[in-house]
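**Student:** Got a structure for you, written out below as C-alpha cells; questions coming shortly.
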C-alpha cells in the first residue's frame with residue numbers, strides 16, 4: 001500500500017515539476033486562480049450576490065459551501081493525505097536519486113492534510129450550484145429551446161474550464177497531488193447534487209440551525225478527541241508545514257483544520273440567526289424586496305462592506321482568541337449581508353415616502 005502511494009505521490013511530484021518548469025510564465029495566473037478559488041470568496045462575494053438575486057440559490061450555495069468544507073475536514077482527518085511541498089522533502093523515496101526541485105509560493109504552505117483538495121471541492125460544489133440553478137431559472141417549465149441548449153453547453157464548458165484551472169493551479173503550487181484534486185472535484189459535485197434534493201434548508205427554524213451547528217462542531221471535536229485517545233495525532237501536518245515550508249511567514253494559522261471548522265459553523269449559525277430575525281423579515285420580505293434597485297443596492301453595499309470586513313484579521317498570537325473571533329467574524333457575514341445592510345437600506349429608501357406624506 002505504501003509503495004503504491006509512493007508511486008502515486010512521485011507522479012504528482014513529476015507533474016508539479018513539469019508544470020513549474022514549462023509554465024513559469026503562468027505563475028501569476030495560477031496564484032490568482034488559487035486565491036479566487038478560496039472558499040472565502042463564496043462567503044464574501046458569491047453569497048451576497050446570489051442571495052439578493054435569488055434567495056433560494058444563495059441559501060443553497062452557503063449550505064453546500066459549509067457542509068462541503070466540513071466533510072472535507074473529516075475526509076482529511078481520515079485519509080491522512082500528504083502535500084507535495086513537504087512530502088518531497090520528507091520521503092525516503094528519492095534516497096537513491098536526486099530529489100526533484102519543487103518551488104514554493106506564499107499560498108503553498110497550507111497546514112492541513114492534503115486529501116481531498118479543499119479548493120477543488122469547494123469550487124466544484126459552489127460552481128455546480130450556480131450552473132444548475134442558472135439553467136433551472138432559464139429553463140423554467142418550458143420545453144428546452146435552441147438558445148437554452150447553447151446556454152447549457154456554454155455553462156458546463158465554463159464549469160469544467162474553471163475546475164481544470166483550479167486543479168492545475170493547486171498542482172503547480174505544490175499544494176496538492178493530482179489524485180487529491182480529482183477527489184475534491186468529485187466530492188464537491190456529490191455534495192452539491194445531494195442538496196438539489198433537500199428542500200428543508202429553505203425554511204429551517206433557528207432551533208434546527210442551532211442543532212445542526214452544534215452537531216457539526218461536537219462531531220468534529222469528538223472525532224478529534226477519539227482519535228487522539230487512540231494515539232492518532234490529527235495535527236501532525238502542522239509540524240510538517242512548519243518544518244518544510246520555505247518561509248515561516250507563509251505558514252498561516254487560518255489554514256489549520258480548527259480554523260476551517262470554526263468558520264463553517266460560525267457561517268451556518270449566522271445564517272440561521274439572520275433568516276429568523278425581524279430585520280430580515282422587514283427588509284428582505286417587505287415591499288421593497290422585489291424592487292430591483294433595492295436588491296442591487298444591497299449587493300453593492302454588501303460587497304464593499306464585506307471586503308472591508310474581510311481585511312480585518314483576528315490576532316493569531318493566542319489560538320483560542322483567534323478561533324473565537326473567527327467564529328464571530330464568520331457569523332457576522334450573513335448577519336450583515338442578509339439582515340443588517342438590507343434593513344438599513346430599506347429605511348433609507350422609505351424616507352422619501354414618509355416625507356411625501
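Placed from the backbone N, Cα and C atoms, the Cβ positions cover glycine too.
According to Swiss-Prot, the protein carries these features:
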type     : residues : note
TOPO_DOM : 1-28     : topological domain 'Lumenal'
TRANSMEM : 29-49    : transmembrane segment
TOPO_DOM : 50-60    : topological domain 'Cytoplasmic'
TRANSMEM : 61-81    : transmembrane segment
TOPO_DOM : 82-117   : topological domain 'Lumenal'
BINDING  : 83, 170  : substrate binding site
CARBOHYD : 96       : N-linked glycosylation site
TRANSMEM : 118-138  : transmembrane segment
ACT_SITE : 119      : active site, proton donor
TOPO_DOM : 139-147  : topological domain 'Cytoplasmic'
TRANSMEM : 148-168  : transmembrane segment
TRANSMEM : 171-191  : transmembrane segment
ACT_SITE : 176      : active site, nucleophile
TOPO_DOM : 192-209  : topological domain 'Cytoplasmic'
TRANSMEM : 210-230  : transmembrane segment
TOPO_DOM : 231-254  : topological domain 'Lumenal'
TRANSMEM : 255-275  : transmembrane segment
TOPO_DOM : 276-291  : topological domain 'Cytoplasmic'
TRANSMEM : 292-312  : transmembrane segment
TOPO_DOM : 313-320  : topological domain 'Lumenal'
TRANSMEM : 321-341  : transmembrane segment
TOPO_DOM : 342-357  : topological domain 'Cytoplasmic'
MOTIF    : 354-357  : motif 'Prevents secretion from ER'
**Student:** Cβ under 8 Å to the topological domain 'Cytoplasmic' (192-209), counting only same-chain residues 6 or more beyond its ends: which ones?
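**Tutor:** For the topological domain 'Cytoplasmic' (192-209), the far contacts come to 56, 59-60, 63-64, 67-68, 124-126, 128-129, 132, 268-269, 271-273, 275-276.
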**Student:** List which of the recorded positions 96, 119, 176 have their Cα within 10 Å of the Cα of residue 170 (substrate binding site), in sequence order.
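**Tutor:** Cα within 10 Å of residue 170 (substrate binding site): 119, 176.
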**Student:** By a simple count of other Cβ atoms within 10 Å, which of 83, 170, the binding-site residues in the record, is least packed?
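**Tutor:** Looking at the binding-site residues 83, 170, the Cβ with the fewest others within 10 Å is that of 83.
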**Student:** Please average pLDDT over the topological domain 'Cytoplasmic' (342-357) for the predicted structure.
**Tutor:** 73
**Student:** What are the DSSP helix/strand/coil residue counts across the topological domain 'Lumenal' (82-117)?
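**Tutor:** For the topological domain 'Lumenal' (82-117), the helix, strand and coil counts are 7 helix, 0 strand, 29 coil.
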**Student:** Near the transmembrane segment (171-191), which residues from the same chain, at least 6 beyond its ends, have a CB less than 8 A from one of its CBs?
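**Tutor:** Answer is 8-9, 11-12, 15-16, 19-20, 23, 26-27, 30-31, 34, 64, 67-68, 71-72, 75, 81-85, 88, 102-105, 107-108, 110, 114-126, 128, 163.
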**Student:** Between the transmembrane segment (210-230) and the transmembrane segment (61-81), are there three or more C-beta pairs closer than 8 Å, counting only pairs 6 or more apart along the chain?
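**Tutor:** Yes, the stretches contact each other.
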**Student:** If I restrict to non-local contacts, at least six residues apart, and a C-beta distance under 8 angstroms, what lies near residue 119 (active site, proton donor) in its own chain?
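**Tutor:** Sequence-distant Cβ neighbours: 34, 37, 38, 39, 166, 169, 170, 175, 176, 181, 184.
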**Student:** Under DSSP, the topological domain 'Cytoplasmic' (276-291) has how many residues in helix, strand and coil?
**Tutor:** 6 helix, 0 strand, 10 coil
